[in-house]
Amino acid sequence: MTPPMNKLTSKLGYTFKETELLNLALTHRSANGKHNERLEFLGDSILSFVIADELYRRFPKVNEGDMSRMRATLVRGNTLAELGREFDLGDYLKLGPGELKSGGFRRDSILADAVEAIIGAIYLDSDLETARSIVLEWYHGRLEEIKPGASQKDPKTRLQEFLQGRRKPLPVYTVTNIKGEAHNQEFTVACEVAGMDTPVIGKGTSRRKAEQAAAETALEQLTNG
């Protein structure tokens, strides 16, 4: 059963005047009728502009090459899919029977496309400045962490590439504990990696940070062990 839509809009930080726009943004092309690809096209362009503009302002002395690499890191599919999981977007997607059966609600590409479509929907429901402020709020932590010239691959990406290069299955991340009040929570995540006897534990102030911490530890153990 789909959770109440107000839970999603609360996580997004935006309440739609036209709820049909949000419904359309959540509708994959595998479902019959109208779908989210036009909104995705629009949202992709808005996201790219907003992130480019923010990087230009934040890093006045950084060259075009570094800014392009930072933008690519922030707007790539797996970053958008991470955002989608933070919003529990998979619980709200409207998919056709085939995609539902094959677990499309967990697929990175479908989650990433839906995030872009939601950005397009927010823009159409409001204006560019509102869409910009929402996107920058979503990206606040990532923008604070990103640095020019540094490796733009986060620990989860590096762990995934390490395992893929050795033809091993991808790691599985599970939230095992959340403690504290909503504004001051600590997440504990277990990361299961093929070939490691016990799951690796990571902690952080968000699910994403806990997963990254677990991936970093797993990488250290795999490369040093």
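Every residue, even glycine, has its Cβ placed from backbone N, Cα and C.
Residues or ranges marked as active site in Swiss-Prot (evidence: sequence analysis): Asp44, Glu116. Annotation source Swiss-Prot lists Mg(2+) binding site at Glu40, Asp113, Glu116. Positions annotated as domain 'RNase III' by Swiss-Prot: 5-127. Swiss-Prot lists 154-224 with the feature domain 'DRBM', giving sequence analysis as the kind of evidence.
Sequence features, as recorded in Swiss-Prot, placed on the structure.
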residue : record              : Cβ within 10 Å
Glu40   : Mg(2+) binding site : 22
Asp44   : active site         : 19
Asp113  : Mg(2+) binding site : 27
Glu116  : active site         : 27
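Within 8 Å of the centroid of the Cβ atoms of Glu40, Asp113, Glu116, where the record puts Mg(2+), the same chain has further Cβ atoms from Asn36, Glu37, Leu39, Phe41, Gly43, Asp44, Leu80, Ala112, Ala114, Val115, Ala117, Gly120. Under the DSSP three-state reduction, Asp44 (active site) is assigned to helix.
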